[in-house]
């Protein structure tokens with residue numbers, strides 16, 4: 001009986017871990033599809049700031065999700081220097097929100 005409980009517990013634990021990993025795969029697909037990685041990286045500046053730097057800058061802003069979704073969809077200039085971020089009309093609001101939530105959680109992965 002203990003063996004069965006242990007196996008069930010391990011099965012549930014591995015299912016939980018798989019669910020935790022899924023958002024990173026989904027976010028990576030969104031970033032790749034929308035060519036975000038041409039200008040941004042997780043932990044270093046490329047053309048634009050790193051995702052970790054963006055998360056650190058906006059983590060305490062109660063309007064961060066709305067603000068950053070707007071910057072992703074409509075573009076932005078002057079926040080991180082002279083190079084503007086172009087608008088990304090091809091990313092859906094839901095995809096942009098998924099990316100923003102990942103960024104604000106520290107861009108894990």
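Even glycines carry a Cβ here, placed using N, Cα and C.
Database features, via TrEMBL:
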type    : residues   : note
BINDING : 36, 40, 85 : heme c binding site
DOMAIN  : 23-107     : domain 'Cytochrome c'
SIGNAL  : 1-21       : signal peptide
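Classification of residue 36 (heme c binding site) by DSSP places it within a helix. Here the binding residues for heme c are 36, 40, 85. Their largest Cα to Cα distance works out to 10 Å. Within the same chain, residues at least 6 positions away in sequence whose Cβ sits under 8 Å from that of residue 85 (heme c binding site) are 39, 48, 71, 75, 76, 77.
DSSP labels the residues of the domain 'Cytochrome c' (23-107) in these numbers: 45 helix, 4 strand, 36 coil. A Cβ within 8 Å of the Cβ centre of 36, 40, 85, the residues given for heme c, is found for these other residues of the same chain: 37, 38, 39, 47, 48, 72. Neighbours of residue 36 (heme c binding site), defined as other CB atoms within 10 A of its CB across all chains, total 20.
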